[in-house]
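One structure is given here, and the rest of the page talks about it.
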Amino acid sequence: MDFSSGRARLRQARLAGDRRELYPHSLQFYLDPPTENVSLVEFESFAVDRLKLLKVVENLGVSYVRSSDSYKTKLGAELRKLKFPYKALAEDDYEARRKDHISHFILRLAYCQSEDLRRWFLQQEMDLLRYRFNELTESLRQKFLEHVNLPFEAISEDLKNELANELCTSTPGMTKVKEQMFYKVGLADAVDLFRARRVFIKDGFAYVPHKEIDAIVLNNYRTKLSKALALTARSLPSIQSDERLQPLLNHLSHSYVGPDYSVQKNTGKISLEQIDALSGKSFPLCMRQLHKALRDNHHLRHGGRMQYGLFLKGIGLTLEQALEFWKKEFIRGKVDADKFDKGYAYSIRHSYGKEGKRTDYTPYSCMKIIMSNPPSQGDYHGCPFRHSDPELLKQKLQSYKIPPSGITQILELVKGMHYQLACQKYFELMHDVDDIGFSLNHPNQYFTESQRLLSGGRELKKEPSNSGNSQQKNNSQESMNSNSAPTSSNTTADAELEGLEAYFTED
Ligand code: SF4
């Protein structure tokens, strides 16, 4: 029974009305930034969820045809799971619409910082909009077009019957005019279709079939979002001066939304003698490259030592094993035992949290490797899919006996800047499986999944798995409070790692 007073009920109704006005549609072009106060906890959790969503969009876009049922089902399920608007929802989905709005603008801030980031963000947002636009019912689509100032009118049945012959002959591939919706669009908005002779023109209007209207909407959205990203990039200096936001935004653009592999169940279970064999079977290409360079040159520069050393720690090397491993190799080169003990050994103990600030450093995620500290000449760190010349990458893959058709697929993914997906393809080819069954985000995840597969402990799942994401989310949420600078574990580790790197810039 409702005991609330008449005035309270009125206030509630007014609030609901305001809310509906704020987000009249489940879909938007994100033209106006949010103006309400958002707590840092919400700020981070919204951003992490959208990042997860965009990564799924990227993954599905490469694995499935975008108009296929599998693509739609999986993307719809992800939107529902993460509580974003996913369809023509009821009007009371205010929270989902609000989250969609705010999270878009946060990632816009994080992903406007470089050309690579902008391109990636734009592509995933476009794919997301395409899916959601096509899921709208006819009347909602019409409402949305009016809302974003693209008032294309669906023509009436009478007019369609009257123009049936012209529509059929002027629209390539059109056989059943009666079953199609056509929109009357001003020529300026349909120039491309008009030039390609794909639409019927009459009295200054193009009659665009439904399947082409999403291309017009997307073009419009792309132009608006590209401009907005460029404008946002210009306002970065003022955001960079905000000490609460800047680390968080940087963290997001290098972000990885899975476990950090800091808890090693395997610690001590790997012997040094196994590493050579493991590097060929279960190391991702980045670590295989570092291992080979270390064996060949008996040395790695500090970028390589950091990336590879933390990876080895993540797969289970104890501190004692790490000291022995690096020392044995280095003293075979130009470093004598004394120099190793005085310099390099300290940095290894430091990375295990036994020196300095005693931070237990976590292995680098793919995003961190791909987005920061690109290798220079003489370096072997980085991601080979991102940082290698395509010809050299091809030769390397050939030397690892990857079949030519597989190499072509990998190079295509690299060309499209889908580096982690290229790595997934490499995993599939190395393990002779058709579907990797998980979404690759971390070199240590590659290793763990490979070992599980090789030991027969895992049945390949068909659904992309986001296992472990909740752990990261909890960690990061716990570590934030609305009054302080972000202190999520990775952000802190990143900052302190810079300190560690500064200790040993010696090559
Ligand atoms: Fe390493 Fe990740 Fe690049 Fe694969 S995608 S090579 S795991 S950094």
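We number each residue from 1, going along the chain as drawn.
Using N, Cα and C of the backbone, Cβ positions are placed for all residues, glycine too.
Per TrEMBL, the features are:
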BINDING   CYS286, CYS366, CYS383, CYS423  [4Fe-4S] cluster binding site
COMPBIAS  465-494  compositional bias 'Low complexity'
COMPBIAS  495-507  compositional bias 'Acidic residues'
DOMAIN    277-447  domain 'DNA primase large subunit C-terminal'
REGION    455-507  region 'Disordered'
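Take the mean position of the Cβ atoms of CYS286, CYS366, CYS383, CYS423, the recorded [4Fe-4S] cluster site; other residues of that chain with a Cβ within 8 Å of it are PRO284, LEU285, ILE369, ILE370, PRO384, PHE385, ARG386, TYR419, GLN420, PRO443. Listed in sequence order, GLN307, ILE369, HIS381, GLY382, CYS383, PRO384, PRO443 are the same-chain residues six or more apart from CYS286 ([4Fe-4S] cluster binding site) with CB atoms under 8 A from its CB. On the 0 to 100 pLDDT scale, the model's mean across the domain 'DNA primase large subunit C-terminal' (277-447) is 92. Counting only residues at least six positions away in the same chain, the Cβ atoms of PRO284, LEU285, CYS366, CYS383, PHE385, LEU440, TYR446 sit under 8 Å from the Cβ of CYS423 ([4Fe-4S] cluster binding site). Take the CB of CYS383 ([4Fe-4S] cluster binding site) and look out to 10 A: across all protein chains shown you find 26 other CB atoms.
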